[in-house]
Ligand SMILES: NC(=O)c1ccc[n+]([C@@H]2O[C@H](COP(=O)([O-])OP(=O)(O)OC[C@H]3O[C@@H](n4cnc5c(N)ncnc54)[C@H](OP(=O)(O)O)[C@@H]3O)[C@@H](O)[C@H]2O)c1
């Protein structure tokens, strides 16, 4: 499209790269009442474009048109950003006002600000449970944004789960903890399930018990405002089963291992940026 083309109207929300994470957000926003007419999206493959238009009734169009949106969600993979930059740089859309919300891992706001100098830049780091609305989403807001503008972005991201305010400097730590966290938790869940099978329970019963135990433990900690050590001490009776198990975890260096795990992910995130 030539640079001077007049785009007929401006969508409220534009999504460049409507893949898994953006789709989770789109589906929930539409279910909450956002009108499909107010959303323009883009994707790379014709199959994906057709799927999005057919499933959600949103307009699927070029990145250049999508970028006219008042709020522009950037949800391509980080390595694709260079293509988007070449496409949009030095076009009129690069000078539009409004908001850019990036969920791209490891892309600093400074780079986005160079592409969109007139817009407020927000960075968010959702995690995988966001796909079912149960994510934790770290949000680094533009320092020039008003409370109202921040709240608007929180409302958008809120459909993916719990939004937590962070500074951009905390993003590598967030990536290591809540971004990579679901994989660490899944590994622990899998190991506990195998353990249940090892002591004679069926796989399905084991899964039910482990999922319930993890969800219930977190709920109890939150609702009662307990320190984890209080809960642990309450379960571990003298010479009982729990303390026998805890002794094994301590001997195996479980705490240190988990701390090293998150530190390794943090260092990796820093190195990638
Ligand atoms: N998934 C997560 O749990 C998670 C967590 C935190 C952050 N993130 C971040 O979220 C972003 C998206 O992740 P995802 O898992 O949703 O990836 P994804 O499913 O691969 O989505 C990326 C989308 O971008 C589209 N795309 C590729 N090239 C494009 C182009 N030139 N123009 C327009 N669209 C293009 C792809 O289209 P096609 O489908 O046609 O290929 C795809 O739909 C990433 O930056 C990632 O770092 C994801």
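Just so it is clear, glycine is given a Cβ too, placed from its N, Cα and C backbone atoms.
The NADP(+) binding site feature in TrEMBL is assigned to 16, 17, 18, 19, 20, 21, 75, 76, 77, 78. Around the Cβ of residue 77 (NADP(+) binding site), a 10 Å sphere holds 10 further Cβ atoms from the protein chains shown.
Summarising the annotation, TrEMBL assigns domain 'Pyrroline-5-carboxylate reductase catalytic N-terminal' to 13-106.
Feature annotation from TrEMBL assigns domain 'Pyrroline-5-carboxylate reductase dimerisation' to 168-271. Taken as a whole, the domain 'Pyrroline-5-carboxylate reductase dimerisation' (168-271) shows an average pLDDT of 97 in this prediction.
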Among all protein chains shown, how many Cβ atoms are found within 10 Å of the Cβ of residue 16 (NADP(+) binding site), not counting that one? 27
With NADP(+) as the bound species and 16, 17, 18, 19, 20, 21, 75, 76, 77, 78 as its recorded binding residues, calculate the greatest Cα-Cα distance and give it in Å as a whole number. 14
By DSSP assignment, list the helix, strand and coil residue numbers for the domain 'Pyrroline-5-carboxylate reductase catalytic N-terminal' (13-106), in that order. 45 helix, 18 strand, 31 coil
